[in-house]
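Asker: The structure under discussion is supplied below as C-alpha cells; questions concerning it will follow.
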Amino acid sequence: MTWIPWNTQLRELAKQCQYLEALTLYRQMLRCGSSPNAFSFPFALKSSASLPLPLSGQQLHCQVIKSGCSQEPFVLTSLISMYCKFSSLGNARKVFDENPISNQLTVCYNALISGYALNSRVFDVIALFCRMREMGVSVNSVTMLGLVPVFSEPGYISVGMCFHCCCVKLGLNLDFSVANCLVTMYVKCGAIEFGRNLFDEMPKKGLITWNAMISGYAQNGLAADVLELYRKMETAGVCPDAVTFVGVLSSCANLGAVSVGHEVEQRIESSRLGLNPFLNNALINMYARCGNLVKARAIFDGMPVKSVVSWTAIIGGYGMHGYGEIAVELFDEMIKSGIRPDGAAFVSVLCACSHAGLTEKGLEYFSEMKMKHRLQPGPEHYSCVVDLLGRAGRLNEALELIKSMQVKPDGAVWGALLGACKIHRNVEMAELAFERVIEFEPTNIGYYVLLSNIYSEADNLEGVLKVRVMMRERKLKKDPGFSYVEYKGRVHLFLAGDRSHPQKKEIYRMVDELEALVKKLAGCKDNEERRNKEALLGMGVHSEKLAIVFGLLNSEPGTEIVVIKNLRMCEDCHLFFKGVSKIVTRQLVVRDATRFHHFRDGHCSCKDYW
C-alpha cells in the first residue's frame, strides 16, 4: 500500500475527531513498511495533541526529525500547536526558534500566538506579535483570531482596543470572524457599549454574531436588552440555536418574564432541542425563578439524565421559594444517586437552609462539605453560613466564623452579617460589619441604606444623618424601588408612589379600600397584632402594592398573581399582603431581591422567617 491512501485515511479520521483510531492507523502504516511524509505528520501530531498523549507526541517529533520533514511549514505549525496544547510552551518556543524558516512564516507565528493565548500568556502574545511586525511578516485574520481572545478580561480592555485599531488599519475588521471575535472580547470585558456599537456597524450578522451579543448582555445582567435583541434577531430572520436560548432563558429568569420563557420553550420543542440538557437546566431555573415550581419540577423529573447542574437548579428553586425541607430531601437524594455535589450545589442547599430556618441542618452540610466531600469552602459558602447563623440570632457565632475563615472574607460575607444585624437590631455589630463591607464595596448603595434603617429603628437620628452625609460626599443615590407584573404578555412597571399608569384611579381606590380592610382585620386580634396595626398606619404606597392591586383589578377571580420586585420587601408590605391574601382568597406571589413569598389565607410561605 502506498503512502497516499494512508494519508487520506489519516486525514479523514482526524477530521472526524477519531484521534485514537488515527494513531492506531499511523502505527499500522509504520508496521507495513510505509514511511510517513510531510502530509502524514500533521494529522498524527494533531491526534496526539487532542487526546492528549505527550509521550506519543515526543516520539512523533523524533520521527519528524529523522524523516527530514522538520522544515516543512505545516509540520512545523503542527509541532508548535501540539506542544502548546500539552502546555509545554518551552518546547513550542524551542521548535519555533530553532527553525530559521519560522521567522518568515505567518502560520508559525499564528500557531505560537494561539498557543500563548490558550495558556493565558498575555505578555508573550504581545511580544511575539510585535516581533512579527518588526520582521515584516504579514498579519492575517487567523493571527487576530488567535490573539484577541486573550484580552477578554476587564484588565486588558485598553490593550484589546489597541488591537482593534490594528485590525482597522490592516483592514481585518471587515473579516466576519474577526468582527465576531472583537464583539465577544468587548462584551466579556464588560464594555457592552463598545460591543454593541461594533455589532450595529457590522453589515452582515450571522448566528454567531447575534449569540455573542445576546450572551454578553446576559452575562452582564442586562436582561431587558437580551429580550429586545432576541426580538430583533427573530425579525431579521436568523434562526436561534441552543446558545441563543440559554441566554434568553437566563434573562427571562432574571426578569420574571414567564410568557417569553414559555414561548422559548415552545421554540425549543419545535426545533427538536428538547433533550438538550443545558436547555432543560435553563428551563428549570427560568420557571423556578418566575414562580412556577410545578413546571420546573416537571421538567426536572422528565430529564432522562440529571447532572449536578440539574440538581442544583431544582434545589435552588425550592430554596428560593422557602421550601427548605424539600430542598434538603432533594440534596440527599442527589448524593444517594451517585452524583457528587460541587461548590454551587452546596451554595444552593445552604441558602435553602438559611431561608427555611434549618440552622442545624445547614451547619451539618457545611461540615460535610469539608470533611466528607473534601471541598474547600469559598467566600460564597461562608456568606451563606453567616446568613444562616445571623437569621437564627446567633450573631456572635457568625462573627467568630468570619474571624476563623481560611479565605479572606469578601463584601458578601460582611454584608450577610450586616443584614442579620438589621433583623436583630444589633447596632454595635452592624457598625463593625458596615466598616468592613464598604472596604470591599464602597459604592454599593444597599449597605448604606441598610445601616441607615438600622439606625432609624434604634431611634438613632445622629447615625441616620451620618450615613446620609457619607452618601452625599460619595455622590451615592438610593436605587428607586420598582415592581412589575406580567399581564397578557405585557410587563406593567410601577415605581413607589407611581401615578403614571392609565388605571391609576382604580388602583389607588382599591389600595385605600384594602388598607382599610387590612387595618380592620389587624385591629381585631391580640396585642402583638395590635402592634402590627401600628406599623400599617405609617405605610406608604410601595411599588409592589401597586403591582399586586393592578393584578387583582385585571385578572380573573382565583388567579395567582406574581410580582417581581428589585429590592427587599419591607415588613409593612409583607403584613399587608398577608391580610390581602385572606380578604381576596387568592395566592399572591412576590419575588423580592432575596427570595419568593407565597401569600395565602393570611399566611406567608416564609413563616415570617425572612
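Using the three backbone atoms N, Cα and C, a Cβ is placed for every residue, glycine included.
Below, the features straight out of TrEMBL:
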REPEAT    105-139  repeat 'PPR'
REPEAT    206-240  repeat 'PPR'
REPEAT    307-341  repeat 'PPR'
DOMAIN    532-610  domain 'DYW'
Asker: Over the repeat 'PPR' (206-240), what is the model's mean pLDDT?
Answerer: 95
Asker: Just give the helix, strand and coil counts over the repeat 'PPR' (307-341), going by DSSP.
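Answerer: Once the DSSP states are binned, the repeat 'PPR' (307-341) shows 26 helix, 0 strand, 9 coil.
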Asker: Quick one: DSSP breakdown of the repeat 'PPR' (105-139) into helix, strand and coil?
Answerer: 26 helix, 0 strand, 9 coil
